[in-house]
């Protein structure tokens, strides 16, 4: 630990502070041991305690170095897995405060709270080829289809326990690859005491949670993902931390990581404590932590949680609970500077990193570089699109024609940021219902609505993110304490077909450049018609970097089948329907456009040629001009013939996930085997602490008085019919809402 390292740390520019602070195995004077270092400027004394010294605060005391704010000591003979804490004596005396190591690499399993010694130098990475590939495949112009996962509830063992990181590497990575996802985003994995926080209230920022294994096990997970061509994004929470006594709050008896100003420090909405971004040592702590995950765990990106909470002094606060900045407004000036500094530091060392902001307001230039006046992220979640579309999709189709602006408004700002379109965990909890349950109508219509919505989502400009369970239409809300309902895929054909639909749609997205190559400017998008609100239909074009490679997209948000529907198209010639969410194999009614579709010299939608097509009910279809076919990547025979197995259900699949090239040995995890009331506990003052709903196929269609298509400049009305409801209508004509199938009494959620 050099004076220069200390200088940078106190300046807020030591971006590898975890190499200086914390517990590190080393040799000193020819003896092996561990050097401990901790920042505790207000402490009267500090000692290291653990099972190795019976938690005696007098045995291994630490010494101040430098300006006296950092304490260090060296202890011989300690081995990996030993548990420890810092015993901090406050300035005013009194009992010692027992704190976990802020820079600790590993922690005990809950409910225990001590840090564990861990050597991060053992693991041999096997992803050099992946790291090189990232340099030549910028994310902006490549597919980015993210599967958001909570590792503790994606799937569980037969006994209801967690899968380990290594089991998840084999099962989850294989599943994600078969489903054609390009990225996995894991919800927060920093050590946290409370499962119900989902990881968003951390105590150990440098310790990957021990719930699922040890640090090298998570490295194996990332390594396996990279071996299978999947990037890993980690949800990261630099906005606030939990108040548990072993954590950062009042770390040395006084405010340290948090502000002296209670109104700034307290996060009353979440019951947590906000970081003090104006303190330079806190800047070093947080920026080093972000760097740590990139460099020690090879993650590919960070999704930064609750950026609005960082940027706004009045976020989630009532009048009188906040104070304006020196200019009299609501911006947190220190947080703004910190965010810019964070992003500049990460991109300096990792130019191909993903830094994704979950920012729910209209704060400008979130995803623009700092040198352009932006906040420096390279992506931002499009929360406005998400809220508008989920609100729209929850409406009965009868009322959608009066709410067309919810579908089209996002295009007013679609290219103001580098957007990710998130269908995240936050939208399927707390009474919001699952995605399929948000859809109106009967059982069949709910699935049709979700398929059509997914088709529109995939074609909309922006990268994509879907929370686990949405891909097979889980009916109940997400529960962090239980597995997804995989039995639905096994027992109910509509869920099986929904899973296959998601896989096919994901595959189509990956193989077609118009859907991802130009996501962030108008060159990749062109309206055909956004004004047919009477029929709740929109049509547009998505284009690749080579504008000759394009797809025509039509979305019908009603259960009406529309025959002889005319649309203007950008090019004369032959078109074919290449994807249809209403296909029978996906559980649809099978209304489709077969064979070649030839343009007519009939001006329509301000274009000189047009097509007449059949529009399937509650569906999205993609059309392609025959001349664009050479631009499309072709599937290999292997991709076409493999089989996907999900909990005993067979659909198409691929091979088993690749393992990292070299086998990496596990490091033994030592277990604490102390008596019920150990010296450590005495020192800490601890106390003993759904019948099946038969899915139906679409029936014959019947004529209805549907609103005719309006020709932009005169023209005849077009015929339309409505898909027959799946079940009897009520006296008032409104379809009854089908109840979701109940869970099987037999435990089906376990991993094979």
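We count from 1, first residue shown onward.
Positions of Cβ are set from backbone N, Cα and C atoms, glycine also.
Look at TrEMBL and you will find 148-503 tagged as domain 'Glycosyl hydrolase family 13 catalytic'.
Taking Cβ-Cβ distances under 8 Å and a sequence separation of 6 or more, the neighbours of residue 305 (active site, nucleophile) in its chain are 188, 200, 235, 236, 237, 238, 239, 358. According to TrEMBL, the active site, nucleophile annotation covers 305.
Sequence annotations record features per position, and here TrEMBL assigns active site, proton donor to 358.
The annotation compositional bias 'Basic and acidic residues' is assigned in TrEMBL to 650-659 (among others).
Here TrEMBL flags 650-752 as region 'Disordered'.
Among the features that TrEMBL reports, compositional bias 'Basic and acidic residues' is placed at 668-692 (among others).
Annotation comment: TrEMBL describes 693-709 as compositional bias 'Low complexity'.
The compositional bias 'Basic residues' annotation in TrEMBL covers 739-752.
Under the DSSP three-state reduction, residue 305 (active site, nucleophile) is assigned to coil, being neither helix nor strand. Annotation note: residue 358 (active site, proton donor) sits in a coil segment as assigned by DSSP. Take the CB of residue 358 (active site, proton donor) and look out to 10 A: across all protein chains shown you find 20 other CB atoms.
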